[in-house]
Amino acid sequence: MLVSALLMSVGINSCLCVLLFILYSILRKQPHNYEVFLPRRLVAGTSKRRRNKVARYIPSVRWIWKSWRPSEEELMASSGLDGVVFMRMITFSLKVFLFAGIIGVFVILPVNVFGDQLTQINYSDWLWVHFGAIYLVTAFVCCLLYLEFRYIGMKRIEHFHSSKPQPNQFTILVRNVPSSDGATVSDTVDRFFRENHSSTYLSHVVIHRTSKLRSVVDNAKKLYKKVHHKKQADPQRVKKTPMRFFSRKDTPEGHYEKVLQELEHNIRLGQAEVSSPGKEVRAAFVSFKSRYGAAMALHMPQSVNPTYWLTEPAPEPHDVHWPFFSASFMQKWLSKIVIAFACLILTALFLVPVVLVQGLTNLSALEYFFPFLTLILSMKIVSQIITGYLPSLILQTSLKIVPPIMEFLSSFQGHICHSDIQKSACNKVIWFTIWNVFFATVFSGSAFYKLSVILDPKEILFKLAVAVPAQASFFIAYVVTTGWTDTLTELFRVVPFMVSYVKRSLEPTEEEFEVPPMRYHRDTPRVLFFGLLGITYFFLAPLILPFIFLYFVLAYIIYRNQFINVYEPKYETGGMFWPMIHYTMIFSLVLMHGIAIGLFALKKMELATYLLIPLPVFTLLFNEFCRKRFMPIFTAYPAEVLTKRDREDQNDPRMGEFYDNLVSAYQDPALRPLRFSGSRNDSLTSPLLSSTSSEV
């Protein structure tokens, strides 16, 4: 029954893949879909309007070749180092499962098919084949991890050398500025750094409490953009002549300008209020004349009292997450506890769809609890859909809401930049997925049974050795249904496509178009989880390996297409997602070792069990070696790299202008001067509804 359901699931998803590829090749050619499928090219002006309408409806696979063609250097130039790291994760997985697939399909699978070593409890010599395969794959994965960690570290240095000077390279964040009698925070910061960093100190920007003011500014900007787009869409409506100069007060545009003028006045009053003494946060962005000077201030204790003048790296100016600068230490501490508790509640609530999924895979249980469904469930086609396709579909749908929830929770943990929020959310989603999809599914049963497994650690390896192989069919179906369709859904961009269709059906609006950023916290955990499934099951159910490999082939083609045509980098972490990827792969290896040890112990292979025990120890030692060897490059740039760039900048005539901009680069957007009406000609200060003619 399970095999036939699996075959049906493979057939359905294979047909779905072909149909979606054909449909995508047609839809991406339609001009009204460029905002969905080609937003980067649309903004860059490189999307071609097809004059031949017939050609728009002819399927084509040229987009696959175009996605395959760009080199890694071109990908880095267009999508940053984070995009390169994401694609290296996929190519790493392709190498791993090509090697593991050859061993699994051509060696282990025939042994499993023609032998009974996995079903019999007693000793079997054929299990030594599995023993050797575990050692081979572990050695291969560790070698690749070492090479990739070293490669990404070198790419990080290369990216630093090739990039233009960035404000965050010259700036640090200083917290817990001590109070001084009769001196403001700004005066204290300026005096301290002039005395202790006189040769490198450049300027500083004190942080203010602007949470309430920021919401007013954001609303004013939205209203301005709305009216500005209406003016551009129909300029004749706001055109004024000398004879009707005062008629604008009777028009909607005149009303909007009056509202904007009031908002502008309120914003100026609010800016003056939050800039007054007492509204400052005891923190500041401090900028230096060189990268080396900023690094020295960052890594050197600034005071004999270690609780004062705390330093940390500054993010890029547009990456700063301003709301939590106004939070007190107690608020941040409480928020971390509340977020941890919320994550536990979410984990517990997610057991509901997991239990539902496991119930669908057990037809006898369904017939027992719902006897009126017995006749329907006896139909072969219905039973195959329910046991093979529907469980994975329910689990996939439930997982869709997890990344945005984790991102929302991470935004309240006190992170100072959006990229840190994404990294925190990514880490939460990874472990949430591993626990709720893998372990909760493997230990299918009541919540009390899952708790008993955790409370009895001595038996956990034996329970894993029994439970993991029993769920092999489910996870093979999960790879085919969730993996393949999820990747193709990413290509099709279902939600943005539906939103675009609804907007076209309604009254057209002239909203500002923005190229979407890549959601690493959504896609990275998904790819890593399929890697965990492949490593865990490669010696237990090698039939999963071809489907895992095909998943990564699809992911390679589709995500390269998305990086080139869809996603634009919004924040740059400098490859900081790779350590997270590395540690997850190490965890997958150790998990596979634990299952293998439990399995060989159950098969009464004492020698193989003892010989496998050092393997997870060596893997963890290898991980510690990589952490000591490569993580310093991800934590901070070496002094020789910083000084080399500083020497190069001395001969750059553009550095004077850069330093002038650096002084105000970290000014809070809520405190920047805004003008929605007047006589200046820049975007936010030009007269919004002024006459289109020169006469007044």
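Each Cβ is built from the backbone N, Cα and C atoms, and glycine gets one as well.
According to TrEMBL, the feature compositional bias 'Low complexity' maps to 683-696.
Residues or ranges marked as domain 'CSC1/OSCA1-like N-terminal transmembrane' by TrEMBL: 5-146.
Annotation comment: TrEMBL describes 169-323 as domain 'CSC1/OSCA1-like cytosolic'.
Annotated domain 'CSC1/OSCA1-like 7TM region' per TrEMBL: 336-600, in sequence order.
Marked as region 'Disordered' by TrEMBL: 677-696.
What TrEMBL records for 6-27 (among others) is transmembrane segment.
Remote same-chain residues near the transmembrane segment (96-115) are listed as 124, 126, 129-130, 133, 136-137, 140-141, 144, 531, 534-535, 538-539, 542-543, 545-546, 548-549, 552 (criterion: CB distance under 8 Å, separation of at least six residues from the stretch ends). What TrEMBL records for 96-115 (among others) is transmembrane segment.
Counting only same-chain residues 6+ beyond the ends of the transmembrane segment (127-147), those with a CB under 8 A from a CB of the stretch are 92, 95-96, 99-100, 103-104, 107-108, 111, 117, 535, 538-539, 582, 585-586, 589, 592-593, 596, 600, 603, 605, 608, 611-612, 615, 619, 622, 626. The transmembrane segment annotation in TrEMBL covers 127-147 (among others).
Per TrEMBL, the feature transmembrane segment maps to 337-356 (among others).
According to TrEMBL, the transmembrane segment annotation covers 429-449 (among others).
Marked as transmembrane segment by TrEMBL: 527-559 (among others).
Nonlocal intrachain contacts for the transmembrane segment (580-601), taken as residues 6+ away from its ends with a CB within less than 8 angstroms of a stretch CB, comprise 85, 89, 127, 130-131, 134, 138, 141-142, 145, 148-149, 423, 426-427, 430, 434, 460-466, 468-469, 524, 528, 531-532, 535-536, 538-540, 608-609, 612-613, 615-616, 619-620, 622-623, 626. Per TrEMBL, transmembrane segment is recorded for 580-601 (among others).
The feature transmembrane segment is assigned by TrEMBL to 607-626 (among others).
If you take every residue in the domain 'CSC1/OSCA1-like cytosolic' (169-323) and average the pLDDT, you get 80.
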